[in-house]
Every structure is written in structure tokens, then in C-alpha cells.
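S.K.: Have a look at the structure that comes next, please.
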Number of protein chains: 2
Amino acid sequence: MEDREISRAVIGRLPRYYRYLGELLDEGVERISSSDLSKKMRVTASQIRQDLNNFGGFGQQGYGYNVKYLYTEIGKILGLDRTHNIIIIGAGNLGQALANYVGFEKSGFILKGLFDVNPRLEGVTIRGIPIRRMDELKAFIRHNDIEIAVLTIPKSKAEEVAGVLVEGGIQGIWNFAHTDLVLPDNVIVESVHLSDSLLELSYNISSSEKDTENN
Amino acid sequence: MEDREISRAVIGRLPRYYRYLGELLDEGVERISSSDLSKKMRVTASQIRQDLNNFGGFGQQGYGYNVKYLYTEIGKILGLDRTHNIIIIGAGNLGQALANYVGFEKSGFILKGLFDVNPRLEGVTIRGIPIRRMDELKAFIRHNDIEIAVLTIPKSKAEEVAGVLVEGGIQGIWNFAHTDLVLPDNVIVESVHLSDSLLELSYNISSSEKDTENN
């Protein structure tokens, strides 16, 4: 299988497939036709087939998809067939919200530590996990096999902290700081720019108001 | 100007242009060549020109872009030339994190109210704004000219609450519930599926590990 040829757009749709298949599993659905899956997900059946063909298909003519099998296989593609140790840097509201969200744990993302610059937070625990000092960060990554760091700190500190994470040997950064991190190619960065998303909403509202005025 | 022809991809890039131009403004930069802007943003100069041509251009041959002018114009396109009243439904960690983020206020998104099902939160204030009961929601939207609702509640309640928002006359929903809302066409939904983003990161890490093993 040649992963590198798969487009970002396809990869971007995989988590959504995984989510819908998980819901079907929860509802006790064992198999689903590509046309029913397509209605549920509101994408065309041909798009689903094309997307899944990138990974070898999974469907059977006249049968459709076996929900559990497809869920498991997409899970493997997404790297969910093993656990990932994560840490959160920045124990403010957003960091704490993410730390408290148990859904990540269910998907195999195991929170091993929290870090914050605020000395008053040192030793405070969230779900039993203590908040640590930033100067422990690099060694902690090395000694605890940490793969992913979640960055929920202001953008002014983001580049500097990301540098420490890279030195510690981090593989991926889930970046909520409002800046695009420039890092070595072997470190994967996935950014969630919340403001960008709000501005897109604002654009779409303004643009739909203009449409209404013009009609 | 015909907004409806503009692709989602272009619209998706506008907030990023706006962010970089804002940083340039903060640094006191008055004008920038398209090639310098392109280096800074790590997209091609031709992409920038193409994107901005959708809205009438803004650049001058041999001069480049006037930073403040371009920032202001993109702001207008994004609907930031006026304020937007917003409410947050769900005053848990994530709701509080968003309520405490003053950056939204600076961009003109004015938080008018918070709502939560938990009766113990009633009357608690965040930045001086009280948390209200859900049964006040519909009337509050009508009487306070609320345009955008931020939904930070579990997915099991999301459809039901979204229905109330629509009845109240909401224009846009910034949806953090882990489900795709199906709503009337005149209500704009922008979803932030945090788990989807984490799974994309996980995919990219797994895929880059496979590449390394294969080399």
C-alpha cells in the first residue's frame, strides 16, 4: 500500500467515516449498503467508493459494507490499532477541557502529563494526572515514550516550547496556539485555529445576508 | 461582486491571510511585496494573487500590497466591519475557555450570554456575563439580536438545542458537538470536530512511521 499518494482531502474525510461507522456500531447495525451510508453521511456513494479504494476497497458487490470490519480497518489506517501517549502543555481552560475529555482516552490517546508555566498549578491534578513544571518537559517526553504534545499556550511562547518538544523527540504536535509552527519535516503538526473557523462562519453569514439582499 | 462563485478553499484561506496581515500590522509593516508575503505565509505568490483576485485584487504592480488596506478589506469580506452578538451554550470547560478568550471580542464577536442545563451554574458569571437557564434561550436570542450561537454541549443534546436556536432565529452556529447538524439552509453551521483533527494527526504520524520503515 502506497500511503504517500493519498490526498489530504481523502485523509481529511477518514475521521468522519470512522465517526459515522462508530455510531452505526453503537446502534447495532452490522452491515450497510454504500447508498445508505452515502445518505447518512451526505456524500455521494461514488465518493465513498473512491475514497475507500485508496486503501483497498472493503466493500462487496451486492452486500455493501460490514460495519465492524470497515470501522476496524479505518481505525488501523488512522493509527488507532495501538495507543499513543500524549501530554498537554498549557493547563488553562482549553488545556483542562481537553484533559477532561475522556473520548480521547477511549480512542487510545493516553494522557500522561500536563505542563504549565504557572508555579501555582504545580502538583494540581486533573483526572489524577499532576500538572508539572516546564523545566521537566524535555526529560519527561524521553522517559515516558510521549508521542504527541497538545499545545494550548499563547502564540508568543509557541515556537519556543515547540523547539523543546522537538529536542525531546516528540513525533506530533496538536497545535491550538494561534500561529503556524515551522518545524523539522519529521515532526507532524496538526493545527486547530479556532479563530479562523469563527471567521469562516462570519464570512458565510455575511455572504448569505448579501445574497438575501440581492434577491 | 459575486460571492457565490468563490470556492470553499479560497474562503478557508482568507482567515489565514487576515491573521498574517494582522501580525504584519502589529510589527509596523506598511507594505509588502507579494513575494515576501508568499514566503512568510508559505504559499505561492500566484496563489495569493489568484485568491485575492476573487475579491477584486488589492495589489499594485511594482508596489505590492498596502498592509493596512488589505487587512481592512479582507476584514470587510469576512464580515468584521460590524459586530456580531454571540452566546455560548454549554458552560463546561470548553465553553468557559471560549468565553474567557478575549481575542474574539477584539474581532467584534460580543459575548452576550451563556447557557447551561446545570441549575447550579445559574447566575455564576464569566467576565461579568451570567450563566442562564436553557428555558430562557429562545426569548434571549430574539430580544438581544443574537446572531451566532457557540454549541459546546454533548452530541446527544445537540440536535434538540439546535432546533431551539433555529426557532429563536439564530443565523449561525459554531458547533463543537461531535455531530454534523442537519438544519435549514438559511442557518450557517461551522463545525469544529476536535477528534477528527486528532485522528488526522494520528494518521499522519502512523503514515510517516511506515515511510521510515520502508526506506
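In case you wondered, yes, glycine gets a Cβ from its N, Cα and C as well.
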S.K.: Give the range, chosen from A:16-55, A:176-215, that TrEMBL lists as DNA-binding region.
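M.R.: Residues A:16-55 are the ones TrEMBL records as DNA-binding region.
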S.K.: Using a Cβ cut-off of under 8 Å to chain B, which of the binding-site residues A:GLY90, A:ALA91, A:GLY92, A:ASN93, A:LEU94 qualify?
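M.R.: Near chain B, the qualifying binding-site residues are A:GLY92, A:ASN93, A:LEU94.
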S.K.: Looking at the binding-site residues A:GLY90, A:GLY92, A:GLY95, which one has the fewest other Cβ atoms within 10 Å of its own Cβ?
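M.R.: Relative to the other binding-site residues in A:GLY90, A:GLY92, A:GLY95, A:GLY92 has the fewest Cβ atoms within 10 Å.
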S.K.: When you scan the chain for residues with a C-beta under 8 Å from the DNA-binding region (A:16-55), skipping those not six or more beyond its ends, what do you find?
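M.R.: Residues 1, 5-6, 10, 63-68, 70-71, 73-75, 77-78, 80 contact the DNA-binding region (A:16-55) from elsewhere in the chain.
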S.K.: To what whole number does the mean pLDDT across the DNA-binding region (A:16-55) round?
M.R.: 90
S.K.: Quick one: give me the count of other CB atoms within 10 A of the CB of A:ASN93 (NAD(+) binding site).
M.R.: 20
